[in-house]
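Chemist: Can you read through this structure? Questions will come right after.
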């Protein structure tokens with residue numbers, strides 16, 4: 001009888017440990033405080049609810065996902081813990097918002113991108129600096145890093161106080177076509193994740209970066225529901241495929257794709 005109780009307690013402890021570990025790795029582990037100086041936190045300025053992540057690419061410009069757009073938004077730069085404010089944290093508001101096809105209500109596959117011009121440039125500091133745009137297309141098979149304040153529980157939204165980081169793999173586009181059969185044969189989408197279902201971006205990570213070879217290659221777009229399922233990677237908007245549009249907008253030479 002005693003042996004049965006001991007074995008039962010060991011099983012309970014193992015199940016408890018497995019559950020806690022699973023919850024922790026959906027959004028990864030806490031990011032190093034110095035590795036995400038470009039990471040932006042987007043909030044609804046009316047409700048003050050957290051919306052999405054974003055990426056600083058220039059002192060005056062931020063990239064995020066189009067589906068993160070709200071009429072009233074505020075952006076925080078230089079933030080780590082949501083509950084603690086750094087001395088160099090800066091608050092900004094959108095001065096301009098640019099979309100791929102601004103006269104089209106529907107977003108095409110791979111075009112879930114929004115370029116925000118800030119109302120005032122930010123200053124580089126200990127916790128704030130832009131991330132480099134890609135110089136070449138990403139390489140399938142690369143290990144990339146995803147980060148954000150998204151949910152750490154795949155079934156209900158449990159947002160962490162600090163951003164989580166995870167290393168995931170970049171897969172061939174055909175892998176994601178098997179998971180999302182509605183996506184076209186060709187699109188401006190990257191396919192990345194962990195086929196064992198241990199690591200994944202999740203709810204509220206939208207708009208955050210996928211970083212490969214220390215360059216900004218993808219925006220968190222969408223994934224399986226619930227997150228972090230085996231053999232089901234997530235979709236990321238491909239930054240390199242939109243590079244000409246991004247640079248043209250920043251230079252004042254373009255507005256929308258036709």
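Each Cβ is built from the backbone N, Cα and C atoms, and glycine gets one as well.
In case it's useful when we look at the structure, here is the feature table from Swiss-Prot:
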| type | residues | note |
| --- | --- | --- |
| ACT_SITE | 67 | active site, charge relay system |
| ACT_SITE | 112 | active site, charge relay system |
| ACT_SITE | 206 | active site, charge relay system |
| DISULFID | 31-165 | disulfide bond |
| DISULFID | 52-68 | disulfide bond |
| DISULFID | 102-256 | disulfide bond |
| DISULFID | 144-212 | disulfide bond |
| DISULFID | 176-191 | disulfide bond |
| DISULFID | 202-227 | disulfide bond |
| DOMAIN | 25-251 | domain 'Peptidase S1' |
| CARBOHYD | 123 | N-linked glycosylation site |
| CARBOHYD | 172 | N-linked glycosylation site |
| CARBOHYD | 253 | N-linked glycosylation site |
| SIGNAL | 1-18 | signal peptide |
Chemist: If you count other Cβ atoms within 10 Å of each one's Cβ, which of the recorded positions 123, 172, 206, 253 has the most?
Modeler: 206
Chemist: Nearest of the recorded positions to residue 52 (disulfide bond) by CA-CA distance, picking from 112, 176, 191, 206?
Modeler: 206
Chemist: Would you mind checking how many other C-beta atoms are within 10 angstroms of the C-beta on residue 31 (disulfide bond)?
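Modeler: Around residue 31 (disulfide bond), other Cβ atoms within 10 Å: 20.
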Chemist: Other than its own, how many Cβ atoms are within 10 Å of the Cβ belonging to residue 52 (disulfide bond)?
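Modeler: Cβ-Cβ neighbours of residue 52 (disulfide bond) within 10 Å number 26.
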Chemist: In Å, rounded, how far does the Cα of residue 253 (N-linked glycosylation site) sit from the Cα of residue 67 (active site, charge relay system)?
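Modeler: Just about 24 Å between their Cα atoms.
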Chemist: Suppose we draw a 10 Å sphere around the Cβ of residue 202 (disulfide bond). How many other Cβ atoms does it contain, all chains included?
Modeler: 27
Chemist: Name the one residue among 67, 112, 172, 212, 227 whose Cα is closest in three-dimensional space to that of residue 191 (disulfide bond); these are the recorded positions.
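Modeler: Closest by Cα: 172.
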Chemist: With an 8 Å cut-off on Cβ-Cβ distance and a minimum sequence separation of at least 6, pull the same-chain contacts of residue 112 (active site, charge relay system), or say none.
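Modeler: The answer is 65, 66, 67, 219, 221, 222, 237.
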Chemist: Which whole-number value in Å describes the distance between the Cα atoms of residue 144 (disulfide bond) and residue 176 (disulfide bond)?
Modeler: 16
